[in-house]
């Protein structure tokens, strides 16, 4: 049975943790979905982990719709959330509703996510009014990387911490069904999670959130050159891939692959007629 926004709320009410991961294509979505995950975020992080951009700012609506369609086709259980890219909702309330609608109508997503606190409250209200579920996102919001001066922990001083608490309450009032808390102190995320009735989903926000999300390439150690402090490695798929590719190259070079069992047969009398 497909997880819904109601499922997320029920899990919070029962005190059961919500599980989410990112996915960006059909095959990975199918694997993650079959593992029993509650939700999949098609994150604009695809700009960095799939497209090789320095940050998420270059990701377009067409990029997001393309990948969201693939993820939806690979799922039957998880709630699929489409991440609204930079400048798809900041320009006007009309644009916010229109682009959110494209995620639902064209890509088949079940909800959308957008970054920001009080500054996007009106956009969230309008999207929800259009019957589209919205997941909020506060703390370190990657689309604001230039304003933050880099990817830095947020909420370590009283002023910013109080602002994040207030933002969470405003997003709940605006109609968000859940809020991602990214890179904020663990004890602050506890206060926020206890201050609102909707679920909080943490990434680098400690254990007190109502759920957790990670970028799957990070938690499966696909890349060895960088791992955020908040990521735990739950596998070493990157090394396995490199080992497998290296072995493939070796066996092809040495004419050990393909073997006879990998080849298709043809009758000898047919072959003899070809010479």
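Yeah, the Cβs are placed from backbone N, Cα and C, and that goes for glycine too.
From a predicted model like this one, the values you see are computed outputs, not experimental measurements.
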- Report the candidate from 25, 63, 83, 95 that shares the 3-methyl-2-oxobutanoate site with 44, 45, 113, as recorded in Swiss-Prot. 83
- Task: Can you grab the distance from residue 44 (Mg(2+) binding site) over to residue 113 (3-methyl-2-oxobutanoate binding site)? Cα atoms, rounded to a whole Å.
- Result: 10
- Note on the structure: Here the recorded positions are 44, 115, 182; the one whose Cβ sees the most other Cβ atoms within 10 Å is 44
- Message: Can you give me the residues near the recorded 3-methyl-2-oxobutanoate site, meaning same chain, not 44, 45, 83, 113 themselves, Cβ no more than 8 Å from the center of the site's Cβ atoms?
- Response: 22, 41, 42, 43, 46, 56, 59, 64, 82, 84, 85
